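Visitor: Per Swiss-Prot, the features are:
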ACT_SITE  Cys132  active site, acyl-thioester intermediate
BINDING   Ser14, Gly15, Asn16, Ile17, Ser163, Ala164, Gly165, Pro166, Gly167, Thr168, Arg169, Ala170, Asn171, Asn291  NAD(+) binding site
Amino acid sequence: MTKSQRLQVAIIGSGNIGTDLMIKVMRNSKHLSMGAMVGIDAASDGLARAGRLGVPVTHEGITGLVGLPNFGDIRIAFDATSAGAHAGHNEVLQRHGVKVIDLTPAAIGPYVIPVVNLEEQLSSPNINMVTCGGQATIPIVRAVSQIARVRYAEIVASIASKSAGPGTRANIDEFTETTSAAIVSVGRAEHGKAIIVLNPAEPSLMMRDTVFCLVDADADQEAIRLSVRDMVRSVAAYVPGYRLKQDVQFDVIPDKAPVNVPGIGRVSGLKVSVFLEVEGAAHYLPAYAGNLDIMTSAALAAADKIAASLITAR
């Protein structure tokens, strides 16, 4: 594909996520080219690296982006800043007809997990990429819910403390709220809960995710196992380091010994446990930072699909 057939994108946020995303766009994208890297710190490594790669840069935030000579050619913008800043960025970008891919927990637009529901949101002006834990675990909840009624789903995302920058740490509450909501709306569980753990271990460990689903006792275990395996393969198509750590596990919770689930009460049934690991591609970030890699990989997959639809519609 020639450069003229690619759509220009801007990345707002020159930190770890924004810089890794820029490298992915330049190395791996089928339909995108870098139009701008936007930050607020003139001395940031992300802006310096972008400048060395020939990408237009500005350290004046969204105002600087709009003032760039090539802003009129930018069709898609990634926001890799914070939930608090996103609303203002989105307002400006929508006025100029720029599609927005939100990597913060702001969730102004619909939640999108590429392998689950991207197709139905291609025309949305703003899509939200949920959270790193959501990108890793909600596909599994959806895989189970395709086979059985999921009365409750709980996910635990354990990430290396070193991979959690100031943006992640400032958005812990938004992480749990956004992920919990998407477990229900995208994963199709009746109730959802999300927990994040910052693991201080040295050397740093890769992202680990655990998914628990409560389904009816007579659910088809083999069908659930196969559905989960198929979903893992689908996610790994755009996140190569995404994998099952062990086979899907099933535990019967008998009627005579129910467990108490907050918000639901005492329940029995079949507990489905899925254990995942996410290794980063190490384009810019360390391999242990799978939590950041899955966000940038999912965002790139979504943007490429959106760009392909826009190019086709020309």
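The backbone N, Cα and C atoms fix where each Cβ goes, and this holds for glycine too.
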Visitor: Rounded to an integer, what is the Cα-Cα distance in Å between Ser163 (NAD(+) binding site) and the residue listed as 'active site, acyl-thioester intermediate'?
Guide: 12
Visitor: Hey, what's the widest CA-to-CA gap across Ser14, Gly15, Asn16, Ile17, Ser163, Ala164, Gly165, Pro166, Gly167, Thr168, Arg169, Ala170, Asn171, Asn291, the NAD(+) contacts in the record, in Å?
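Guide: Answer in Å: the longest Cα-Cα distance is 17.
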Visitor: For Asn16 (NAD(+) binding site) and Cys132 (active site, acyl-thioester intermediate), determine the Cα separation and express it in whole Å.
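Guide: That comes out at 14 Å between the alpha carbons.
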Visitor: Report, as a single number, how many Cβ atoms besides its own are within 10 Å of the Cβ of Asn16 (NAD(+) binding site).
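Guide: Cβ-Cβ neighbours of Asn16 (NAD(+) binding site) within 10 Å number 22.
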Visitor: If you count other C-beta atoms within 10 angstroms, which of the binding-site residues Ser14, Ser163, Asn171 is the most crowded?
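Guide: Neighbour-count leader: Ser14.
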Visitor: Between Gly167 (NAD(+) binding site) and Cys132 (active site, acyl-thioester intermediate), what is the CA-CA distance rounded to a whole number of Å?
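Guide: Rounded to a whole number, the Cα-Cα distance is 13 Å.
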Visitor: Which ones in the same chain are close to Arg169 (NAD(+) binding site), with CB under 8 Å and 6+ residues apart in sequence?
Guide: Leu198
Visitor: Please report the DSSP secondary structure of the residue listed as 'active site, acyl-thioester intermediate', reduced to three states.
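Guide: The residue listed as 'active site, acyl-thioester intermediate' sits in a helix per DSSP.
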Visitor: Quick check for the class: what is the C-alpha distance, in angstrom and rounded, between Gly165 (NAD(+) binding site) and Cys132 (active site, acyl-thioester intermediate)?
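Guide: Cα-Cα, rounded: 13 Å.
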Visitor: Between Asn171 (NAD(+) binding site) and Cys132 (active site, acyl-thioester intermediate), what C-alpha distance do you get in Å?
Guide: 12
Visitor: Taking just the CA atoms, what is the gap between Cys132 (active site, acyl-thioester intermediate) and Ser14 (NAD(+) binding site) in Å?
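Guide: Counting only the Cα atoms, the answer is 18 Å.
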Visitor: Indicate the candidate from Gly165, Gly167 with the smallest number of other Cβ atoms within 10 Å of its Cβ, considering only these binding-site residues.
Guide: Gly165
